[in-house]
Amino acid sequence: MSQNIIIIGGGIIGLSCAYELRMRGFDVTVLEARRCGGQASGAAAGMLAPFSENTEGPDAFFRLCQFSLLLYPEWQEQIRSISGVHFEYANTGSLHIAYHAADLLSLEGRRLWQRQYGSSGEIVSGAELFRMEPALSRDVLAALYTPEESHIYAPDFIRALEQACRISGVLIKEELGSIRLVEWDRHIAVSAADGTVFYGDRLVASTGAWAQELSEQLGLPIPVYPIRGQICAYRTETQPPVKHMVFFNQGYLVAKANGTMVCGASEDVAGYDTSVTERGIERLRNWNNKVLPFLEGQLPFHSWAGLRPATQDGYPLIGPVEGAERVLMAAGHYRNGILLSPVTAKFIADFIENRCVPSEVREMFSPSRFANAWI
Amino acid sequence: MKPDLLRIGDYELRSRFLIGTGLFPNPYVQMEAIKASEAEVLTFAIRRINLESSADDSILQHVEEGKHIFLPNTSGASTADEAVRIARLARASGLSDWIKVEISANERTLMPDPIETLKATEILVKEGFTVLPYTSDDPVICKRLEEAGAAAVMPGAAPIGTGLGILNAYNLGLIVEEAHVPIIVDAGLGSASDVAQAMELGVSGVLMNTPVAKARDPVMMATAMKLAIQAGRQSYLAGRIARKQYASASSGFDEFILK
């Protein structure tokens, strides 16, 4: 007997779960308060960079990120062929640049542990570095080159994913306004602002920066906070191409195939405010000039902001809620939602099918881990 | 009763908690944890920040201005010369004239190089910095650093970020006994009991980052560490009882026996 799955939230995580579950034969309905991909997912720069995003060591979160990167080639190919929607997916590799000799120790430390975990990274400097990336500032001393990292054009990818969902038979309901979980014990019932009620057997809550809204209903602490990311883009058609993603200790720059250079991103504590501030963008501009001198004097043609769902311990919430087994959470992916979407979809579907999920995933990313026993 | 202040250089501090700003999962948790710690001294790696415009820095921008003493560190330096150069950069940027000398030669263990640390301390003291060197828990090198003019000496409890706790309590005790400047345990602590143990050994303060930032609830852990510092400090000042081999009744009923 096929279960009927309700998914709240039509961002990258919700749509990926919907697609994966549909492929495994479930009836799936996605409920979206506004428009699919309208929040953090559509605002993302689409870096698929587990090595650059995890610099300290191979913890459970890094391994999750890296596993997801390995799923990406096939995952995006499926989405592309089913949807027929074109999107950029570029295996460019990345350069994490350093300006000071004091950075070399940590780059080398990173290279050492990352090479044991699937990176073929190497430190490049001097003429070799500038041959690889001629536009880099000559103040750059060296870089950790990680060939395995990629990027994807998130706004197009989200459209493709939504289209793949629709074509494969996922029901997507948008513009529902406030969505409330009404019943989750014997079955799932979710109501929309206009009073429509949707019924199902299981619920996947992929509500990103709004995940905390379920906290009261479920009687479970869900410490997810919005952290605003401001981001901007330059037109660089007339400039020398920048072939790699460039990371530095204050942000990143990535050249997209559409002739733009995306630069991110701030991490602001600003509640649910998604406005762009002059200071936020000025800050991005100030660094950019030091990385790619040709950006000096250029103005971004576009700037925007999204709300990253940050959790209390930095790890996402993936899996069933203890004591409310019909409810699964897939939220709190912070800076890595695009990267982590295939692996999240896989594990959410595995949970629903009662398949084996690694104990590390069940423990480290359990949505119930913040519920202390208050005795 | 006069307040139990920690004196470092020209400053008197109410808090004995020095906290690192790195590794937090996000700026919201970072800010809340720093607030909960009530730490007055914040430390961060100079190489990680934007010195040309520290108000724009991805870490420092979230710290309330004027509320803290900055203790920039030279992490990443592998020689005295590099550390000195980094320290000068930090001071020139107007951030602080306090400096934590941190020199590691090995990228895997990050164990401090005591020889280079001593050299850098000598140079930076002469240049007028308030120098807090991070070093190994060796009583002789700690004394030498004090003699070189360190404002406080910061032996590690265990390698950075390991959370192994105090590996050599005997050495730390000796270091405290010999010292005429504050001894601050820096690196290697994991939990509140480690912190209380350090304070009970008589150290003047504790510098931590990883055990707070990487806890499941960093804000609650910051509070726990703050309380452990207070508890350990008061336990040290109050003077613990002597250890005895056998039980002795606490009710002392002998003297009430009627003859």
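Placement of Cβ uses the backbone N, Cα and C atoms for every residue, glycine included.
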>> Per TrEMBL, which of B:G161, B:G173, B:G232 sits in the 1-deoxy-D-xylulose 5-phosphate site along with B:A187, B:G188, B:N209, B:T210?
In response: B:G161
>> Taking the Cβ of each of the binding-site residues and counting other Cβ atoms inside 10 Å, which one has the highest number: B:G161, B:G188?
In response: B:G188
>> Quick check: in three-state DSSP terms, what is B:T210 (1-deoxy-D-xylulose 5-phosphate binding site)?
In response: helix
>> Please report the three-state DSSP label of B:K100 (active site, schiff-base intermediate with DXP).
In response: strand
>> Please report the Cα separation of B:A187 (1-deoxy-D-xylulose 5-phosphate binding site) and B:K100 (active site, schiff-base intermediate with DXP) in Å, rounded to an integer.
In response: 13
> At the Cα level, what's the spacing in Å between B:K100 (active site, schiff-base intermediate with DXP) and B:G188 (1-deoxy-D-xylulose 5-phosphate binding site), rounded?
Replying inline: 16
>> How many Å separate the two farthest-apart Cα atoms among the 1-deoxy-D-xylulose 5-phosphate-binding residues B:G161, B:A187, B:G188, B:N209, B:T210?
In response: 9
>> List the residues in the vicinity of the 1-deoxy-D-xylulose 5-phosphate site, defined as same-chain residues other than B:G161, B:A187, B:G188, B:N209, B:T210 with C-beta within 8 angstroms of the site's C-beta centre.
In response: B:G20, B:P159, B:I160, B:T162, B:G163, B:L189, B:M208, B:P211
>> So if I measure Cβ to Cβ from B:T210 (1-deoxy-D-xylulose 5-phosphate binding site) and keep only same-chain residues at least 6 apart in sequence, which ones fall under 8 Å?
In response: B:G20, B:L23, B:I160, B:G161, B:G163
